[in-house]
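Novice: Structure below; questions to follow.
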């Protein structure tokens, strides 16, 4: 059921994407659409048709063929290892999803022009080429997303056979080619954004429709995106040159690999992935700003009302450069990492070692590009309140400046620890005392448990400030300070995790243990940063109802009464969330401290803990598994609350819609805090005490699942009223689909509960008691 629900969601997405251009494009549509008008968005029908063909093929293949696992000829299956191919395809799919995000923003913000923006005919030509390039890039990358995430599901979960492996590798090669092609096309299309997302220079209300972004009053000096179109073109071409260089260099280095290097560098792919994580973060969250520069900055502030427009100011110009450097350099890092790792997986084990040795000598350019994208991303965040808001908000700029200082100090500190650990490991003299600290596996487990959700919350906080339309509200500074603190905490944690992973991957096994042992204090600050990220986000959320736009058709002077009427929902929800976060965090830490005070009594009460420890690991893995899904869900609800306006004629639907949305966000945030505290508190204890604390906190493991399911149901209940609030004439749209989702979800839960009553699945349940398990299990 989950398999085909996923397919249905993808097909619906393919059908809806072609409608994005006609819905969002503010230009007057032509009487008879031509090919250039059909091209924008309709590329997804090609991907949908290809996906349907592949699904039918795999369904027939599964029914007709019965693959078997060969016994003695595993080496004949392929020259690649299956697990490495699966990991490479997952990585490729994740990065393709990132770049598809730009395509969606570009499709929605494209402004088709009938006349040259600044009087030059080549500008009109580039305006028409922009959607074609974007569409072609989307075809390639969406095909990669489908192949890597969906079409290989049956191949991965079924038994391994020669035919299955050959099919998997064929899809891998196709995905690799489409990914590289898609990167070049997307960057080529992005370089034309200044012409594709620009209103005509010197245009006023006489152009286009009366409600489009080009219908605003004249801007100072007739400024438009076209006047600074060289900024995206310069940044994107620089990114293309970097990618082309590493593509050619990677091919040459691979062709000269002869396998003479015996040093093991198998963890170098992990080091590159850590750089790719930073590049993904920097490029992903600025996509909206680079496509809406004309409407949100040049023609800002929004809503303009009777206030004068900004035009192209010096702050706006710096903001443009910062965003485009973060986007282009971040994509360059993402693409180079994928090219290098994909090339390594395509080599034989003997040649792979020498190839990785050559890669290690070329890491400096990638590290420098990553640093440029990260610094540009932080500066872009700091300039949001100055370039987009009136009155300007300087709190974000102050916070970002302090963050850069902290990140520089953290980088220096961790690099120093790495050099000390490396020198100690290379020192042949006998006894070198290493301070007590976590082992490598525990260190990486703790960081992985909190890095993913913190990245998402950092993005939520970034967009939370980016869409502050009432910066002059009384509680505006409080909101900005809370979101800026959440963003800085999340970015500090993500950067710390990435730089630790990068250094760990390049150390010898002995040096890794020494390096991990020196990071005890760093982990304490990481844990505090995660708690601060959630708490400050929730604090800012409590006042968001009093500073957000509740009706996009009303002037700012009329937003105050609506804020006092509906802002109470977020105030109550945020305060309850903060209280729950503090209470549950305190309870978990209190149990851990009590156990530390009497460790012998706790260990004696449990007896032999070998098999039970395995179950504790399983419980922690299940708690960690839902963190990313919960964070994603919380973020989507946050955007719903932030962007949505109210129905002035139906207060009951407004209260129901926003009330359930706030409930979803609060429940999800509590689940994330519990998951983090459980992981850190249990992993800090000895093996025997881990089992004791897990037994005492069994109710908290159950609570994570209950909160996640409750938040999912409340989200669907909120969607019941979405259409009624946003477009009452189509009230049935979200209501019908939400009912379908709730019925499917309820049916699946009832079926699984009944199945668990008939069959023995106790060993798979993370919330069951810690009874002894057999050695085999």
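Cβ atoms here come from the backbone N, Cα and C positions, even for glycine.
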Novice: Can you dig out which of the ranges 549-566, 567-584, 585-602 TrEMBL describes as transmembrane segment?
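Specialist: That would be 567-584, the stretch labelled transmembrane segment in TrEMBL.
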Novice: Out of 12-32, 75-95, 96-116, let me know the one TrEMBL marks transmembrane segment.
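Specialist: From TrEMBL, the annotated transmembrane segment range turns out to be 96-116.
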Novice: Suppose you had to name the range TrEMBL annotates as transmembrane segment; which of 606-624, 625-643 would you pick?
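Specialist: In TrEMBL, residues 625-643 carry the label transmembrane segment.
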Novice: Would you please say which range out of 207-227, 270-290 has the annotation transmembrane segment in TrEMBL?
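Specialist: That would be 270-290, the stretch labelled transmembrane segment in TrEMBL.
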Novice: Kindly point out the range from 318-341, 390-413 that TrEMBL annotates with transmembrane segment.
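Specialist: It is 318-341 that TrEMBL annotates as transmembrane segment.
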Novice: Go through the chain and flag residues at least 6 beyond the ends of the transmembrane segment (96-116) whose CB is under 8 A from any CB in it; none is fine as an answer.
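Specialist: Same-chain contacts beyond the ends: 17, 20-21, 24-27, 37, 40-41, 122-124, 127-128, 130-131, 134-135, 137-138, 141-142, 144-145, 148, 179, 182-183, 186, 189-190, 193, 196-200, 213-214, 280, 283-284, 287-288, 290-292, 294-295, 327, 331, 334.
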Novice: Ranking 170-190, 270-290, 318-341, 567-584, 625-643 by the number of C-beta pairs under 8 Å to the transmembrane segment (479-504), which range is first?
Specialist: 270-290
Novice: Are there residues at least six beyond either end of the transmembrane segment (270-290) with Cβ under 8 Å to its Cβ atoms? List them, or say none.
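Specialist: Long-range Cβ neighbours of the transmembrane segment (270-290): 91, 94-95, 98, 101-102, 105, 190, 193, 232, 296, 319-320, 323-324, 326-334, 337-338, 340-341, 359, 363, 366-367, 369-370, 373-374, 376-377, 380, 455, 458-459, 462-463, 466, 491, 494-495, 497-499, 501-502, 504-506.
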Novice: Could you tell me what the rest of the chain brings near the transmembrane segment (655-682), counting residues at least six beyond its ends with Cβ under 8 Å?
Specialist: 445-446, 449-450, 453, 527, 530-531, 534, 537-538, 541, 566, 569-570, 573-574, 576-577, 580-581, 584-585, 588-589, 591-592, 616, 620, 623-624, 626-627, 630-631, 633-634, 637-638, 640-641, 644, 646, 690, 693-694, 697, 700-701, 703-704, 707-708, 710-712, 714-715, 717-718, 720-722, 724-725
Novice: For the transmembrane segment (525-547), which recorded stretch in the set 170-190, 567-584, 625-643, 703-723 gives the largest number of Cβ pairs separated by under 8 Å?
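Specialist: Most Cβ pairs under 8 Å with the transmembrane segment (525-547) come from 567-584.
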Novice: Need a quick answer: max count of Cβ pairs under 8 Å to the transmembrane segment (128-149), which of 170-190, 567-584, 625-643 is it?
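Specialist: Per the Cβ count, the answer is 170-190.
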